[in-house]
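In Swiss-Prot this protein carries:
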- 10, 11, 12, 13, 14, 15, 123, 132, 133, 206: ATP binding site (BINDING)
- 31, 36, 57, 58, 59, 85, 86, 87, 88, 92, 156, 167: AMP binding site (BINDING)
- 30-59: region 'NMP' (REGION)
- 122-150: region 'Disordered' (REGION)
- 122-159: region 'LID' (REGION)
């Protein structure tokens, strides 16, 4: 099982990726995880990427593709893989195709932008522990305070409404065209000896379990 998960930031791709990788026994290749690790390590790549991420912009293709090419060499990718957050652009999708990276399915999780803004801008974090809350869906017992320590909660820069909206604008311009790209390729069929992936679209609204079942049904 080799697949790509598509959807806007905050659509729930990460949650569903966990279910899919467990069901099919494949690794999740998340460029977000790779980037966060690089940022945490303070590597040159991480420092450069952090500037883009804090501004709500996409990290350039050259930085991402270098990470992904290294990851695909690992032995656990031999029987399949799940791309979460990659490709983000047509150029990256073309680079994958040129490299002969086989994909069986492209699964889009569709969530209205208004819902995403509410989901993401409502997040609050306790910096010391990493505990997360949501002002509407998972509020702390005392507003603005961590349940365990009583210390103040913060809103991360990349969860602020203006940053979320900026990320969605970038997604609309750079990543959403992939929906057409893969949909058209699925209709055309095999190209350059590479089998076209099957394209599937599901709603990302509802409970986590409901969305999981939709995803599993789409990948049968």
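Yeah, the Cβs are placed from backbone N, Cα and C, and that goes for glycine too.
Feature map: annotations from Swiss-Prot on the structure.
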residue	record	DSSP class
10	ATP binding site	coil
31	AMP binding site	helix
57	AMP binding site	coil
86	AMP binding site	coil
123	ATP binding site	strand
156	AMP binding site	coil
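Listed in sequence order, 4, 29, 30, 31, 64, 68, 92 are the same-chain residues at least 6 apart in sequence whose CB falls under 8 Å from the CB of residue 86 (AMP binding site). On the 0 to 100 pLDDT scale, the region 'LID' (122-159) averages 95 in the predicted structure.
Residue pairs drawn from 31, 36, 57, 58, 59, 85, 86, 87, 88, 92, 156, 167, the listed AMP binders, are separated by up to 28 Å at the Cα level. Cβ contacts within 10 Å of residue 123 (ATP binding site), excluding its own Cβ and spanning all protein chains shown: 21. Scoring each of the binding-site residues (10, 14) by how many neighbouring Cβ atoms lie within 10 Å, the top position goes to 10. With 10, 11, 12, 13, 14, 15, 123, 132, 133, 206 listed as the residues that bind ATP, the site has a largest C-alpha separation of 21 Å. Counting in whole angstrom, residue 133 (ATP binding site) lies 12 from residue 156 (AMP binding site) by their C-alpha atoms. Of the binding-site residues 57, 88, 156, 88 has the largest number of other Cβ atoms within 10 Å of its own Cβ.
Within its own chain, residue 12 (ATP binding site) has 109, 111, 204, 208, 211 as residues 6 or more apart in sequence whose C-beta sits under 8 angstroms from its own. Counting Cβ atoms from all protein chains shown, residue 31 (AMP binding site) has 22 others lying within 10 Å of its own Cβ.
The two recorded residues, residue 59 (AMP binding site) and residue 14 (ATP binding site), have Cα atoms 18 Å apart. Geometry remark: residue 14 (ATP binding site) versus residue 88 (AMP binding site), CA distance 15 Å. A 10 Å cutoff on Cβ-Cβ distances gives residue 59 (AMP binding site) a total of 20 other Cβ atoms nearby, all chains included. Within 10 Å of the C-beta of residue 133 (ATP binding site) there are 21 other C-beta atoms, taking all protein chains into account.
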